[in-house]
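*Asks:* My questions all concern the structure below.
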Amino acid sequence: MRKIVIAGNWKMFKTQAESQEFLKEFLPALEETPQEREVLLCVPFTDLAILSQSLHGSLVQLGAQNVHWAENGAYTGEISGPMLTEIGVRYVIVGHSERRQFFGETDETVNLRLQAAQKYGLTPILCVGETKQQRDSGETESLIVSQLDKDLINVDQTNLVIAYEPIWAIGTGDTCETTEANRVIGLIRSQLKNPDVPIQYGGSVKPNNIDEIMAQPEIDGVLVGGASLEAASFARIVNYQ
């Protein structure tokens with residue numbers, strides 16, 4: 001049985017004070033949310049400790065946006081698995097396209113981060129996807145298969161979430177057609193040893209398209225960027241019909 005995972009990725013938004021204001025409106029909106037839906041907030045590092053306290057006992061799990069492969073060391077600006085688990089973090093995004101594009105993340109470093117996340121008790125959300133140029137060149141399938149082959153070396157597929165994020169649809173307002181997203185996610189599933197890995201769609205997910213997205217049989221949830229920053233918007237996504 002595949003799990004439904006709805007994750008908000010706040011990226012580099014929200015101070016601690018702003019995060020608390022968000023929760024005042026967001027948490028009451030989850031009173032009738034089905035318990036079997038896993039709801040996550042993947043927030044900036046500075047928000048993790050206070051949200052760990054604020055979310056205690058709620059339906060919402062806490063997620064980080066990156067993790068280093070070493071337990072500790074001279075890695076300025078990085079954060080380790082034990083540091084995250086100590087404050088109650090359960091999930092961590094690994095290999096987001098913005099990390100790959102702006103910070104030199106490679107499939108090799110993504111793989112190291114995935115293994116480290118699992119080693120220290122975190123469930124990683126692995127992001128894969130193609131650029132518009134790659135899609136227009138017909139490279140979507142080969143690129144994603146290559147990413148999965150390299151990223152998942154020695155990774156436990158019983159403790160894993162995958163997010164398909166077509167890069168050309170992130171923050172652009174262009175949403176991948178739901179049937180096409182379903183097709184690509186089916187391709188991803190066909191490459192896995194464990195067919196029950198939850199696979200999300202990410203890319204301009206909004207309240208007005210969430211019902212159609214979640215009606216697709218291969219899609220097990222969403223990774224939401226901008227629409228997760230407003231409490232009412234993200235609550236509508238979490239409470240999709």
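Just so you know, the numbers here start at 1 and follow the chain as drawn.
Every residue gets a Cβ built from N, Cα and C, even glycine.
From Swiss-Prot, here are the annotated features:
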BINDING   N9, W10, K11, G171, S204, G225, G226  substrate binding site
ACT_SITE  H96  active site, electrophile
ACT_SITE  E165  active site, proton acceptor
*Asks:* For the residue listed as 'active site, proton acceptor', what is the secondary structure by DSSP, using just helix, strand and coil?
*Replies:* coil
*Asks:* How many neighbouring Cβ atoms, not counting its own, are there within 10 Å of the Cβ of G171 (substrate binding site)?
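*Replies:* A count of 12.
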*Asks:* Which residue, of the recorded positions K11, H96, has its CB surrounded by the fewest other CB atoms within 10 A?
*Replies:* K11
*Asks:* Find the one among the recorded positions N9, W10, H96, G225 whose C-alpha lies closest to that of E165 (active site, proton acceptor).
*Replies:* H96
*Asks:* Any idea what the Cα distance is from K11 (substrate binding site) over to H96 (active site, electrophile), rounded to a whole Å?
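*Replies:* It is 10 Å, counting Cα to Cα.
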*Asks:* Measure the Cβ-based neighbour count of G226 (substrate binding site), defined as the other Cβ atoms within 10 Å of its Cβ.
*Replies:* 19
*Asks:* Mind giving me a neighbour count for G225 (substrate binding site)? Other Cβ atoms within 10 Å of its Cβ, every protein chain shown.
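*Replies:* For G225 (substrate binding site), the 10 Å Cβ neighbour count is 21.
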*Asks:* If you count other C-beta atoms within 10 angstroms, which of the binding-site residues N9, S204 is the most crowded?
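*Replies:* By the 10 Å Cβ neighbour count, N9 comes out on top.
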*Asks:* Taking the residues the record says bind substrate (N9, W10, K11, G171, S204, G225, G226), how far apart in Å are the two Cα atoms that sit farthest from each other?
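*Replies:* Among the residues the record ties to substrate, max Cα distance equals 14 Å.
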*Asks:* Taking the Cβ of W10 (substrate binding site) as the reference point, list residues of the same chain whose Cβ is under 8 angstroms away and which are at least six residues distant in sequence.
*Replies:* L41, C42, V43, P44, D47, Q65, S228, L229
*Asks:* What's the CA to CA span in angstrom from G225 (substrate binding site) over to H96 (active site, electrophile)?
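*Replies:* Each residue's Cα considered, G225 (substrate binding site) and H96 (active site, electrophile) end up 11 Å apart.
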*Asks:* Give me the Cα-Cα distance between N9 (substrate binding site) and the residue listed as 'active site, electrophile', rounded to a whole Å.
*Replies:* 10
